[in-house]
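S.K.: Here you go, one structure.
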Amino acid sequence: MGGMKSCYHEPVLAPESVSMLVRGPGLYLDGTLGGGGHSLAILCELERSGWLEGSLLLGIDQDDEALQEAGERLADYREHAVALKGNFGNIAALSAREAGSRGMEPQASGILLDLGVSSHQLDVPLRGFSYMQPGPLDMRMDSGATGTAADILNTAPEAELASIFFRYGEEPLSRVIARAVTTRRVEKGPFHTTDELADLVRSVVFGRERVMKSLSRVFQALRIAVNQELEVLERVLGDGVMLLKPGGRMAVISYHSLEDRMVKRFFSSLTTADWGPKGVGLREPVRPAAAIAVTGKPVRAGAEEVARNPRARSAKMRVIEKMENRE
């Protein structure tokens, strides 16, 4: 099992996430299976602790390449692990179907979400996620889905493009870049490749550091728009908490401020009781807290991990535990 050559990078914050999630046998959901690194770490910990029997891990991904890689990596645990093709926004239906087919209740002991684009996807030019190398302007995480980054770039009105760059990329020059995109469409025709978009950004943003930041923001914004990432994240957070059994935990690893703010805000709403309007002086909360925060501040990767895997530098992990029912 060890020593398998893989083009997928090591999973971010694997020891930390596993130590906080795995506390007994049960149903574990990896909503972002990727190459299977986190799932393998969870299964290994279940086996090491004597909890593998009676446990099931369901890994979800919409990327066919990732599913193939994960299937090979998890082959030794095929009795206890299933790789499912799908969007993690449908985690409730997917887990209910698969767990039900095995006679298990779809109540999870642990849920892991490792958000954003994988290092492998960034490294493959044909996926079109990176401005670092030329490739088609695709950016679909599910290659069978409709609607690419090129489709948005070539058809969206200027105001819509500016909104996408600002909302999803927090790009301060969103209007300038959007105007340049629409002007270029008229003068030179549609965009087809990542380097065409990168060259356009370089033509209107000045200063090496500012250019690099704008490139990252614009490509991030298009990727989020293509895959509707924030809308899907909102859905999976809500459904995920419903799937957790009392005492079950959810760990979410985010890589940019938009994701982290959403996760932080949602977790805060669960861990904070609602005592109603100020001054009423209620003895019981209107709505008690539904979870407790396992992590106060987000868990960050250490210097050694960042040196091995630079992507881990921006990672933040937040963990909550669903509270016991109090009826």
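Including glycine, each Cβ sits where the backbone N, Cα and C put it.
According to Swiss-Prot, the record shows the following:
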{"type": "BINDING", "residues": "GLY36, GLY37, HIS38, ASP61, PHE88, ASP114, GLN121", "note": "S-adenosyl-L-methionine binding site"}
S.K.: Quick one: of ASP61, PHE88, GLN121, which of the binding-site residues has the smallest count of other CB atoms within 10 A?
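M.R.: The binding-site residues ASP61, PHE88, GLN121 were compared, and GLN121 has the fewest Cβ atoms within 10 Å.
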S.K.: Going by DSSP, is GLY36 (S-adenosyl-L-methionine binding site) sitting in a helix, a strand, or coil?
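M.R.: The residue in question, GLY36 (S-adenosyl-L-methionine binding site), is coil (DSSP, three-state).
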S.K.: Based on the record's binding annotation for S-adenosyl-L-methionine (GLY36, GLY37, HIS38, ASP61, PHE88, ASP114, GLN121), what whole-number value in Å is the widest Cα to Cα distance?
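M.R.: Max span of the S-adenosyl-L-methionine binding residues, Cα based, is 17 Å.
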